[in-house]
């Protein structure tokens with residue numbers, strides 16, 4: 001929009017923004033979804049320099065549970081087209097690339113028949129207006145930009161760039177192509193020599209896409225204004241130590257006394273470790289002698305336990321020069337190996353085994369409903385295999401079963 005641009009070397013050319021109010025423009029730009037750079041290239045055949053503006057975008061997703069985001073996405077598309085066509089009109093070539101978040105044609109979707117209104121999707125309608133037809137539309141008709149992948153591969157099927165990680169859909173290539181490199185028609189026809197996708201590169205729910213041009217970049221005489229080297233922390237100047245601290249109120253700097261968490265047994269555990277014979281409700285002495293304050297000695301704090309080498313001697317506490325009777329441990333017969341685990345197995349049965357799906361006869365996985373509604377939080381079993389097309393025997397079958405309440 002230009003509202004957030006504060007440097008002199010901006011690309012400019014914002015087009016006619018009359019249909020957007022200032023508040024709407026601010027909201028569309030506030031999410032930081034676009035980075036625009038301009039470069040100079042040299043055409044090998046012509047030998048003259050030409051500017052290319054690269055608009056790198058992450059277009060919004062239309063969340064079905066948030067209707068307002070659908071309108072936000074469409075307005076972002078309109079603003080993107082307005083800016084791209086304005087830069088193109090000013091004489092620069094334009095490349096728009098990134099996650100457009102809409103599959104263009106049926107060939108770009110794993111299962112278009114699953115959506116009855118596939119062609120009526122507002123995002124696809126916008127793409128048809130924005131893009132120049134590669135195979136059917138004659139030159140000079142349609143939009144001003146070309147999908148470079150389809151320019152070189154007009155009929156390649158199952159070429160997807162995004163898959164659901166929740167359903168493991170990449171294993172069955174059950175995805176969509178929503179990442180593009182769009183170029184103005186003249187640049188695509190004269191300078192692009194190849195374009196493709198890289199589904200073999202993992203590490204994300206998206207894969208990289210690439211395009212190759214025959215023209216060569218002309219180095220700039222100086223870095224762009226927003227280059228990292230111009231940030232204060234990289235300016236090469238000594239920073240003051242005070243720059244790394246924030247002034248806070250005096251009370252907030254005082255260390256707070258650490259209290260045990262509510263319900264913590266920390267202090268009780270310390271006392272029990274020091275005197276194993278003491279009970280939480282108060283020390284009960286084995287002899288009925290009058291209780292007197294214990295006499296402390298410099299070498300050992302009061303309440304400390306004096307352990308002896310005798311394996312049967314538990315503890316002894318000095319009290320007025322007299323010793324309380326010695327508590328002796330009664331030897332217990334050793335438990336048989338495995339008897340303890342057998343007991344716990346008889347008490348804790350664990351969850352019942354999951355059902356098997358009807359098609360593959362394999363154990364199912366347990367899922368939880370997270371969508372708002374009457375079934376929110378309920379759990380159910382589905383086939384453990386990755387999501388895929390119904391015709392794929394290696395993909396997930398349609399088994400479904402609610403988990404029974406125990």
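Cβ coordinates come from backbone N, Cα and C, glycine included.
Automated prediction, rather than curation, is the source of TrEMBL annotations.
As recorded in TrEMBL, the features of this protein are as follows:
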type	residues	note
ACT_SITE	58	active site
ACT_SITE	99	active site, proton donor/acceptor
ACT_SITE	206	active site, proton acceptor
BINDING	99, 101, 205, 206	Mg(2+) binding site
COMPBIAS	308-330	compositional bias 'Polar residues'
DOMAIN	357-406	domain 'GRF-type'
REGION	249-355	region 'Disordered'
SITE	101	site 'Transition state stabilizer'
SITE	179	site 'Important for catalytic activity'
SITE	206	site 'Interaction with DNA substrate'
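Structure coloured by features recorded in TrEMBL.
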residue : record                                  : Cβ within 10 Å
58      : active site                             : 15
99      : active site, proton donor/acceptor      : 19
101     : Mg(2+) binding site                     : 19
179     : site 'Important for catalytic activity' : 19
205     : Mg(2+) binding site                     : 14
206     : active site, proton acceptor            : 17
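Reported as a whole number, the C-alpha separation between residue 206 (active site, proton acceptor) and residue 179 (site 'Important for catalytic activity') equals 8 Å. Proximity note: of the listed recorded positions (99, 101, 205), 99, 101 have a CA within 10 Å of the CA of residue 179 (site 'Important for catalytic activity'), given in sequence order. The Mg(2+) site is defined by 99, 101, 205, 206, and by the 8 Å test on Cβ atoms against their centroid, the other residues of the chain that qualify are 161, 162, 178, 179.
Separating the Cα atoms of residue 58 (active site) and the residue listed as 'active site, proton donor/acceptor' is a whole-number distance of 5 Å.
A straight line from the CA of the residue listed as 'active site, proton donor/acceptor' to the CA of residue 205 (Mg(2+) binding site) spans 12 Å. Residue counts for the domain 'GRF-type' (357-406) under DSSP (helix as H, G, I; strand as E, B; rest coil) come to 0 helix, 12 strand, 38 coil.
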